[in-house]
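**Student:** My questions all concern the structure below.
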Amino acid sequence: SPIIWVNRSLPLWGLQVSVALISLSETLLLSYLSYKGSIWEQILRIPFLLEIINAVPFTITIFCPVLRNLFIPVFLNCWLAKHALENMINDLHRAIQRTQSAMFNQVLILISTLLCLIFTCICGIQHLERAGNRLTLFDSLYFCIVTFSTVGFGDVTPKIWPSKLLVVIMICVALVVLPIQFEQLAYLWMERQKSGGNYSRHRAQTEKHVVLCVSSLKIDLLMDFLNEFYAHPRLQDYYVVILCPAEMDAQVRRVLQIPMWSQRVIYLQGSALKDQDLLRAKMDDAEACFILSSRCEVDRTAADHQTILRAWAVKDFAPNCPLYVQILKPENKFHIKFADHVVCEEEFKYAMLALNCICPATSTLITLLVHTSRGQESLQSPEQWQKLYGRCSGNEVYHINLEESTFFAEYEGKSFTYASFHAHKKFGVCLIGVRKEDNKNILLNPGPRYIMSSTDICFYIHIAKEENSAFKKQEKHIKNHESNYYPGASRLPVHSAIASMGTVAIDLQDTGSRTSSGDTLAVPSEGGKESRRPSIAPVLEVGDLSSLQTCDLLSDQSEDETTPWDDEATAGLEYAKGYPPYSPYIGSSPTFCHLLHEKVPFCCLRLDKGCQHNYYEDAKAYGFKNKLIIVAAETAGNGLYNFIVPLRAYYRPKKELNPIVLLLDNPPDMHFLDAICWFPMVYYMVGSIDNLDDLLRCGVTFAANMVVVDKESTMSAEEDYMADAKTIVNVQTLFR
């Protein structure tokens with residue numbers, strides 16, 4: 001009797017009947033509207049059954065007053081409330097077009113399911129125990145929590161069999177429903193961890209971040225980027241958001257768990273071609289976007305096409321975000337001219353190899369300069385300098401006058417030299433090498449301990465043009481701790497090395513030591529107002545009339561007329577100076593070079609086969625006066641054009657031009673031959689570096705430089721460090 005009948009007052013009965021009628025009407029209406037031909041599909045739905053169990057008995061009590069105190073499990077309506085809440089959340093997300101809601105929905109379903117289970121158990125135990133222990137609502141809550149947590153103290157237990165049966169049923173339901181919910185939640189959480197979630201809008205607006213877009217993330221690429229990026233002290237507070245379509249591998253995951261990186265690097269799995277993923281990375285708020293390519297790609301052209309599409313997508317989504325793009329093939333550069341900075345690997349590589357032929361170890365020097373190193377701190381005061389090295393001996397010092405700023409230190413009547421890199425920070429000049437008069441070797445990065453003498457040849461990098469700086473020789477007389485300076489009249493030998501990141505990546509000029517009658521770096525007068533000619537002509541890249549006139553005015557210092565060459569030796573060197581009439585790819589800006597008056601027939605470009613114009617079949621038969629430069633490559637790619645241009649630049653003296661022989665595994669196409677047939681002394685032959693006969697035929701015994709280019713067909717190795725294995729073995733074979 002206590003279980004079946006309850007004491008229900010008339011106002012409460014009226015309220016419950018009203019709610020039941022409204023809810024039942026709504027359920028029947030929705031069932032009718034959603035009817036699709038199967039009546040049993042509508043009736044057997046759990047929400048419909050719960051509605052019938054709770055609403056129909058109240059409707060019956062209207063016509064049968066005797067049943068007004070009949071117990072009806074109204075607490076089961078909590079499951080209907082749970083179902084309605086899920087529908088409301090889904091409709092809300094659909095209305096606001098929120099797609100990243102799977103995790104939120106699953107957490108909501110899990111919490112609501114757990115609460116409904118506990119609430120159903122509490123109400124059921126409390127009602128059934130009215131015929132037993134007469135538990136209060138709090139005692140029922142205590143019993144349910146202890147039971148579901150598998151603790152089971154035993155101080156509160158059901159006494160009658162209906163209560164025990166309900167506990168068994170609830171435990172079975174919990175064992176079935178809750179693990180399913182937890183499994184789905186864990187799966188979504190793992191997928192979210194793989195995809196990386198989102199970079200919050202609040203953090204994007206309050207913190208600075210950059211986005212790194214890559215097709216596949218290797219540990220070497222990641223560490224090189226992070227170490228160089230965070231080497232600058234101003235970038236320590238930046239976040240790096242990695243946007244990569246591939247799943248994070250184990251090595252990258254371990255590295256990103258290191259505290260130094262876990263707080264600053266965020267990995268997002270996604271594509272730069274999807275606005276949804278760009279929005280996750282907050283690309284529109286990013287300080288910069290870096291789009292990098294992997295060097296060990298099987299198809300480098302396809303990799304460039306992907307890079308181009310990523311650059312287009314980022315520029316379209318965030319037009320104000322600075323874009324830094326790495327491209328592999330030079331013919332693809334013109335597609336991304338809109339990017340703020342574009343680095344072409346193949347173009348840069350061949351230009352570096354060409355400069356190695358002019359000045360050995362140039363590529364090593366540039367590589368060391370662009371990589372961050374942990375060097376010694378420069379001395380900041382003469383006191384520190386004197387403490388380490390004592391006072392200088394001698395009265396003569398040299399200093400660089402940079403826009404009326406001197407580059408030397410004075411302490412108690414003696415002169416001391418500051419560190420070169422300290423001067424670089426302060427004046428924009430960096431001393432990278434010194435050669436003594438009696439030594440042929442060059443001391444690289446002499447550092448703050450080196451004291452220069454009057455006969456030293458200095459190699460330095462300067463931000464401004466060289467004509468804005470001058471070398472002065474000053475004599476120092478010490479009298480009563482007062483110093484007076486007198487300008488000297490002697491001239492210094494200057495070797496100039498200019499690194500110009502232009503169309504052909506880097507252009508280097510070595511003017512050599514001139515005689516006293518030649519054009520050298522003039523010593524300005526004491527007032528510094530006397531005009532003088534610049535020591536180096538600018539490298540022209542735009543073929544307009546003004547550029548040509550400027551070149552005619554300035555190029556005489558690198559012409560052969562300034563040096564008394566032998567007339568017989570230069571009689572046959574009839575070359576013109578101009579811009580190459582044909583470029584192998586779109587986007588290659590013209591560079592002023594030594595050219596032939598008429599292009600060479602294609603048959604004459606072949607070194608190892610004679611033709612109707614000449615009968616030579618090897619390099620020895622040509623009788624070249626200068627030593628050869630041999631390039632061993634797999635194919636004649638467009639980047640190889642950038643190897644030839646620096647070696648035929650207009651400032652190179654005609655007498656010093658070296659013949660260039662291209663040793664190719666595959667025959668070049670007609671477009672490449674059209675581009676190189678205008679350059680003097682450029683030949684090719686089909687052969688392999690593995691073949692001794694091919695090496696001898698192309699003149700390896702007469703070569704000054706042998707350049708071996710890595711082969712694209714062997715770069716896609718399973719182990720990244722083995723990508724250059726074939727090239728290394730070939731070079732060792734060549735040495736032997």
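Just so you know, glycine gets a Cβ as well, placed from its N, Cα and C.
Dumping what TrEMBL says about this protein:
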type	residues	note
COMPBIAS	510-519	compositional bias 'Polar residues'
DOMAIN	207-343	domain 'RCK N-terminal'
DOMAIN	626-736	domain 'RCK N-terminal'
REGION	510-535	region 'Disordered'
TRANSMEM	12-35	transmembrane segment
TRANSMEM	55-81	transmembrane segment
TRANSMEM	102-128	transmembrane segment
TRANSMEM	140-158	transmembrane segment
TRANSMEM	165-190	transmembrane segment
**Student:** Which bits of the chain, at least 6 residues beyond where the transmembrane segment (102-128) starts or stops, bring a Cβ under 8 A of a Cβ in it?
**Tutor:** 3, 71, 73, 75-76, 78-79, 82, 85-86, 89-90, 93, 135-137, 139-141, 143-145, 147-148, 158, 160, 162-163, 166-167, 170, 173-174, 177-178, 181-182, 184-185, 188-189, 192
**Student:** Quick one: DSSP breakdown of the domain 'RCK N-terminal' (207-343) into helix, strand and coil?
**Tutor:** 59 helix, 28 strand, 50 coil
**Student:** Based on DSSP, tally up the residues of the domain 'RCK N-terminal' (626-736) by helix, strand and coil.
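**Tutor:** Grouping H, G, I as helix and E, B as strand yields 46 helix, 23 strand, 42 coil.
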**Student:** Report the mean pLDDT of the predicted model across the domain 'RCK N-terminal' (626-736), rounded to a whole number.
**Tutor:** 85
